[in-house]
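As structure tokens, the structure follows; a few thoughts come after it.
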Amino acid sequence: MHDANIRVAIAGAGGRMGRQLIQAALGLEGVQLGAALEREGSSLLGSDAGELAGAGKTGVTVQSSLDAVKDDFDVFIDFTRPEGTLNHLAFCRQHGKGMVIGTTGFDDAGKQAIGEAAKDIAIVFAANFSVGVNVMLKLLEKAAKVMGDYTDIEIIEAHHRHKVDAPSGTALAMGEAIAHALDKDLKDCAVYSREGHTGERVPGTIGFATVRAGDIVGEHTAMFADIGERLEITHKASSRMTFANGAVRSALWLKGKDKGLFDMKDVLNLNYL
């Protein structure tokens, strides 16, 4: 990586998240927008990335080929789809580029591929790049250790109508944080759907409920419910810029790191809490 500014490339530059990532990259000191990518055949190819994001002319044109821009960036930021992200991962591993991965919906094989690539390159992989969400995950660990064995735990999440995976990656991360605090495996205690005559709630399970509606950016609540009282820990996002700023901050944090798999707890130094 260069000694001066960290140069970032943005995948899916024409999407809602891509445009905000461009804005965030242009707004953070120490970061330089080096490249912007869109799929082959996109009408946005050749556009100025800054103008596309409403941030003014930058001289960085939207490209479809990573090969064409491989010398223009140090860290690749990807919030696209699992299949595309894994293709980008292979390229970055081959060429020694760091990655910030905010894509959700990976299966176990995809997560394993990311872990393998981190033996050769530095990767920040997180379900959510919001500072508030990651503080919430730490709070959930604390609450679960105190209340988890005595309460019914439910996770409710809501997103816009265009989101294609459920539960959200953040909801799953919440479940993982709670399960880990209780020395459980989420796969063994998660309940993802209830329909018909389900019988009574099984003690020790973690329930998930999903809402998809309108333009909700992202809302997540963890509920610890007992007889006579209920604790709820909630995070609500009103703008995707909170995720974009966290992702670009993560790219800057990767400066000087050659390899390893990290998450936002590392970036924010939350592990000491």
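Placed from the backbone N, Cα and C atoms, the Cβ positions cover glycine too.
The feature active site, proton donor/acceptor is assigned by Swiss-Prot to H159, with sequence analysis given as support. Secondary structure at H159 (active site, proton donor/acceptor), taken from DSSP and collapsed to helix, strand or coil, is strand. Around H159 (active site, proton donor/acceptor), the C-beta neighbours below 8 angstroms that are at least 6 residues distant in the chain are S168, V211, R212, I216, V217, G218, E219.
Counting every protein chain shown, the Cβ of K163 (active site, proton donor) has 16 other Cβ atoms within 10 Å. According to Swiss-Prot, the feature active site, proton donor maps to K163, an assignment based on sequence analysis.
Taken from Swiss-Prot, the feature NAD(+) binding site covers G12, A13, G14, G15, R16, M17, E38, G102, T103, T104, A126, A127, N128, F129, and the record attributes it to sequence analysis. Look at E38 (NAD(+) binding site): DSSP puts it in coil.
What Swiss-Prot records for R39 is NADP(+) binding site. There are 13 other CB atoms within 10 A of the CB of R39 (NADP(+) binding site), with all protein chains counted.
Here Swiss-Prot flags H160, G169, T170 as (S)-2,3,4,5-tetrahydrodipicolinate binding site, drawing on sequence analysis.
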For N128 (NAD(+) binding site), the spatially nearest of the recorded positions R39, K163, T170, using Cα atoms, is T170
Judged by the number of other CB atoms within 10 angstroms, which among G12, G14, G169 is the least packed of the binding-site residues?
G169
Listed recorded positions G12, R16, T103, K163, filtered to Cα within 10 Å of R39 (NADP(+) binding site)
G12
Can you give me the residues near the recorded (S)-2,3,4,5-tetrahydrodipicolinate site, meaning same chain, not H160, G169, T170 themselves, Cβ no more than 8 Å from the center of the site's Cβ atoms?
T104, A127, N128, E157, H159, K163, D165, S168, A171, G218, H220
